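Below is one structure; the comments refer to it alone.
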């Protein structure tokens with residue numbers, strides 16, 4: 001369906017891909033198939049990350065820097081829904097893509113319902129925690145009273161949307177695993193637009209403040225989930241068309257073997273995501289030691305980096321789907337070729353995106369702040385984010401084949417080392433004096449340590465995940481999860 005929708009995103013991806021094909025780096029047929037799967041996911045990511053950036057911009061315009069900091073403190077908690085849901089959904093796309101290519105419809109349905117069951121079991125208690133203890137949780141990160149109040153108000157309401165956000169990831173990954181990235185793009189991008197509209201009304205017309213922004217987020221997630229459920233049970237949606245797969249809601253909804261598969265594949269991905277998200281809490285606490293202006297600049301830079309990271313939404317999941325389908329038919333050589341070429345293609349797109357933002361870093365910063373005293377700081381953080389995001393492209397491209405095969409532990413190791421062994425300690429050295437025997441306390445390294453930490457946060461996982469991908473062991477691991485004994489070539 002994607003090929004029927006002319007758009008600049010697809011054209012740009014194909015242009016970059018064809019240039020690589022002319023240089024004999026990738027195969028043009030794989031460029032086209034990858035693009036058709038990737039561009040809708042990238043648009044989805046841009047819509048969602050633009051929504052997040054718009055939230056920060058609208059809250060800042062309406063309420064000021066303290067509100068930006070408050071929402072920034074609450075965002076990592078909300079992000080845990082995507083950490084847990086995205087990890088389980090990584091298992092979903094692995095199982096669905098292999099079962100889809102093998103025409104194992106009943107097993108495919110069980111994979112989806114089992115994934116949904118696991119996500120609900122995880123996210124409902126998480127939502128209850130956020131709902132009941134928002135002030136205490138935000139107080140763990142921030143130390144400014146106004147920012148804590150804003151963050152607690154936002155988290156208290158947005159907690160209601162946590163299970164819905166997790167289930168939406170299951171629905172989206174199911175369709176991507178079945179070779180359809182267009183439908184989830186339409187649903188989730190549409191939800192992002194609805195979210196921005198609701199937020200604008202609640203913030204600027206009804207003047208509900210950060211509570212209005214949270215209500216918009218919850219409402220949009222509920223609407224998107226309702227659309228997914230309707231499509232999977234009925235088989236089609238108005239304006240969208242037919243779904244490539246349907247979910248048969250009949251007993252058994254799950255089996256112990258399916259639960260084991262989802263947990264076995266998804267747990268390392270959950271830990272990988274949680275490692276990334278959880279590191280934001282101590283990192284924000286460290287950044288807060290530099291003062292409110294640095295917090296605001298850091299939050300803006302992360303939002304910009306999230307936007308630049310949206311190609312990974314497409315390429316990593318396209319790689320998982322295409323590699324998984326090749327593995328499902330037993331074609332390990334084809335799976336390896338797809339993994340290699342999607343990684344090269346995706347990294348080239350990241351380089352293009354980062355270069356564009358790098359050239360206009362100051363202009364991008366002006367979209368978030370207009371105070372000349374903070375703009376140079378914001379601009380510098382954005383430049384560092386441009387360097388940092390390139391390595392995210394490498395790690396995302398290498399994670400795709402690992403996720404498709406079920407070999408999901410090494411991305412977790414990379415995140416753990418990058419964040420907790422390198423980035424966080426270095427950031428802390430930027431703000432804290434350490435006593436050294438026989439010497440005076442070491443002077444803090446200063447804000448430059450934050451810049452270096454942003455780069456190491458993505459560089460280390462890229463090196464480790466890419467190394468695991470190049471060993472090829474993931475193809476051996478995949479044999480344990482295929483729907484039936486398929487012979488490798």
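Cβ atoms are placed via backbone N, Cα and C, with glycine included.
All TrEMBL annotations are machine predictions without curation.
Away from its own ends, the transmembrane segment (108-134) comes close to residues 74, 77-78, 80-81, 84-85, 88-89, 91-92, 95-96, 99-100, 151-153, 155-156, 158-163, 165-167, 169-170, 174, 178, 232, 245-249, 252-255, 258-259, 261-263, 266 of its chain (Cβ-Cβ under 8 Å, at least six residues beyond either end). Sequence annotations record features per position, and here TrEMBL assigns transmembrane segment to 108-134 (among others).
Annotation source TrEMBL lists transmembrane segment at 154-171 (among others).
What TrEMBL lists as transmembrane segment is 192-216 (among others). Away from its own ends, the transmembrane segment (192-216) comes close to residues 44, 47-48, 50-51, 54-55, 58-59, 62-63, 67, 70-71, 150-151, 153-158, 223 of its chain (Cβ-Cβ under 8 Å, at least six residues beyond either end).
The feature transmembrane segment is assigned by TrEMBL to 222-241 (among others).
The transmembrane segment annotation in TrEMBL covers 281-301 (among others).
Per TrEMBL, transmembrane segment is recorded for 342-361 (among others). Nonlocal intrachain contacts for the transmembrane segment (342-361), taken as residues 6+ away from its ends with a CB within less than 8 angstroms of a stretch CB, comprise 13, 16-17, 20, 25-26, 30-31, 34, 38, 304, 308, 311-312, 314-316, 318-319, 322-323, 379, 382-383, 385-387, 389-390, 392-394, 396-398, 400, 469.
According to TrEMBL, the feature transmembrane segment maps to 373-391 (among others).
Residues or ranges marked as transmembrane segment by TrEMBL: 412-437 (among others).
Annotation comment: TrEMBL describes 449-469 (among others) as transmembrane segment.
For the transmembrane segment (412-437), the residues of the chain that approach it from at least six positions outside its boundaries are 268-269, 271-272, 275-276, 279, 282-283, 286-287, 289-290, 395, 443-450, 452-454, 456-465, judged by C-beta separation under 8 angstroms. For the transmembrane segment (281-301), the residues of the chain that approach it from at least six positions outside its boundaries are 56, 65-66, 68-69, 72-73, 76, 140-144, 147, 365, 368-369, 373-374, 377-378, 380-382, 384-385, 423-424, 427-428, 430-432, 447, 450, 453-454, judged by C-beta separation under 8 angstroms.
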